Amino acid sequence: MKKILFIGVGRMAEAILKALSLNNQNQDEIYILNRTWKRSEELKNKYKCKALKSIEEINAHKFDIIIIGVRPADVEELFMNMKCVNLEGMLLISMVNALKIEHLKKLVGYDINIIRIIPNMNAMNLKSTTSFAIHGENTDLLNYGISLIKKFGSIYEIKEEIFPAFVALTGTSPAFIFEFLKGFEEFSLMNGFTKQESQVFLKECIMNSIENAFTSEKSLDELIDEVCVAGGPTIAGHNILKDKHFKSILIECLETAKNKC
């Protein structure tokens, strides 16, 4: 059993809090600390955890793990306010975008065990695709931290220098995929299908197409050519995507997201 504190519980951190609360076989003691007590009370009642009112209370609880979920713009202020907190021997799990391990060590002011993670919003369904990088010497505590992030999805240890590309590919892409789905849904509603019908059709079609793409020995171009029969409706529609530079637009979205990380 470990004592775990979440500092900053926004949407992403709440998804992880939910996962850890529902999957707490080790009976970890989970605490939260937010800017506003109202938000803390809501989460405390919702997930049956405990709440702190101030940073000054941290030392009294001797936490094993602190999960940092504040916004990037707030992280410098947070660690200035945490100068009174003794973090030695603890594990910091940081999900702060663009905050490298070396920078986090400087903010703390001394060496400490760190796991940097990049989850995505699918954590709320226990299906996050999460990257992580580790630093520290307490192998048992680091392994415990890794076991925690496994609770809300699949995990991949990668080099920090490719974290930005990973964020674009798995962290930001759900929004792009949802935008893509909106187009299909709006088309189906415009053409007389109910929302429920369109969701059934699209789920079957999209999921089966993805499975086909990732299990077939054929390239994606070959699969496209098989569907795009000359003179047929598919090739007519596909030509619009090519004329509008659909693939280039998608890559530009991902590159722009990567450059913000």
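Using the three backbone atoms N, Cα and C, a Cβ is placed for every residue, glycine included.
Positions annotated as domain 'Pyrroline-5-carboxylate reductase catalytic N-terminal' by TrEMBL: 3-97. Per TrEMBL, the feature NADP(+) binding site maps to I7, G8, V9, G10, R11, M12. The domain 'Pyrroline-5-carboxylate reductase dimerisation' annotation in TrEMBL covers 160-260.
Cβ-based neighbour count (10 Å, all protein chains) for G8 (NADP(+) binding site) stands at 20. Cβ crowding, taken as the number of other Cβ atoms within 10 Å, peaks at V9 among the binding-site residues I7, V9, M12. If you draw a 10 Å sphere around the CB of R11 (NADP(+) binding site), it holds 10 other CB atoms from the protein chains shown. Using DSSP to sort the residues of the domain 'Pyrroline-5-carboxylate reductase dimerisation' (160-260) gives these counts of helix, strand and coil: 85 helix, 0 strand, 16 coil.
Cβ atoms within 8 Å of the centroid of the Cβ atoms of I7, G8, V9, G10, R11, M12 (the NADP(+) site) belong to the same-chain residues F6, A13, E14, N34, G69, V70, M95, site residues excluded.
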